[in-house]
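Lifted from TrEMBL, the feature list:
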ACT_SITE  Arg176  active site
ACT_SITE  Ser226  active site, proton donor
ACT_SITE  Glu296  active site
DOMAIN    31-197  domain 'FAD-binding PCMH-type'
Amino acid sequence: MKKEFYDALIQLTEEKNVLTDEPLKNHVTFRVGGAADYFVSPESAEEVQKIILLCKEAGIPYYILGNGSNLLVSDQGYRGVIIQIYKSMSEISVKGEFVTAQAGALLSAIAAKAAGESLAGFEFASGIPGTIGGAAVMNAGAYGGEMKDVLEQVTVLTKEGELLTIPREELDMGYRTSKVAKNQYIVLEAVIHLAHGEKEKIREKMNELKEKRTTKQPLEYPSAGSTFKRPEGYFVGKLIEEAGLRGFQVGGAQVSEKHCGFVINKDNATAAEVRELIRQVSERVKANSGVTLEPEVKMLGEF
Ligand SMILES: Cc1cc2nc3c(=O)[nH]c(=O)nc-3n(C[C@H](O)[C@H](O)[C@H](O)COP(=O)(O)OP(=O)(O)OC[C@H]3O[C@@H](n4cnc5c(N)ncnc54)[C@H](O)[C@@H]3O)c2cc1C
């Protein structure tokens, strides 16, 4: 650990926001992964900007983390700075039909706020366990809705540390990707455009979708949601099941018996076991059906 670098970091944000040798498994929903050299939780856009500029200057890599709900971190962890944009940057405000949220706000919190203001159109996102920053990058979606349907504009930091506001027509969002992802921008804030609706109906819809998730998804185990992207014209779960892989296990990692599209951490899995399971599932699905499965889950660190 470089003392000068740590000292420089604590000049940019409060000392309590800078951790060293921090186990990443405590910050990702898969509950696997080694430690990060530095783990910083900035409290403002300015702090994020200063921290990335410091990293660049010092030649130390950084990685942005939201709620870690789409991430597999290697057992060796991360040699660099994890910049967590989550609870300490999670303010939400509403003006008319527009909801402005800092990137660390959880989709569930935004959905609850929108429902409270009788704003409809965000129900689809209420059960996705990510931040709006992560969701904007990934163009997260569920039950027929996607972030691209509701995002009005996104404020980002470029790799050079420049602030940009990108309007919806320039966001270039596709299936689980966006211009933000392609350019490795850091999302700081998003504005969502919703429509006035009936509070009761909005809440009913959210409850209905929650019920669907609870019955269909293995929420009782740690995971990162759907492990693979949906290949056009197919259902991942069905392809995996047809390859005879329901319940297939590598060490503590398992293809969920409840929903084959989810790899779960059944019993203290290592990241290497999860990675190997993903590899074997892809290989066997390809052999069985000819369809190539690509991971939706992002990988961080060495595998
Ligand atoms: C039980 C379960 C159910 C799920 N269901 C769904 C679903 O229905 N639909 C769906 O789309 N996803 C689903 N997911 C996956 C996940 O919740 C989404 O992909 C979510 O958008 C990830 O957000 P996050 O904040 O957790 O991002 P993270 O996992 O922390 O990061 C994901 C990626 O986004 C980047 N990132 C995060 N924040 C920022 C930021 N502020 N600026 C720039 N880059 C950033 C990271 O660098 C990383 O590359 C599910 C996951 C779980 C565990």
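Just so you know, glycine gets a Cβ as well, placed from its N, Cα and C.
Values in this document were obtained by computation on a predicted structure and should not be read as measured data.
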Mean of the pLDDT scores, which run from 0 to 100, over the domain 'FAD-binding PCMH-type' (31-197):
96
Report the same-chain neighbours of Glu296 (active site): residues 6+ apart in sequence with Cβ closer than 8 Å to its Cβ, ordered by sequence.
Asn70, Arg176, Gly225, Ser226, Thr227, Phe228, Lys229
Could you check what DSSP calls the residue listed as 'active site, proton donor' once collapsed to helix, strand or coil?
strand
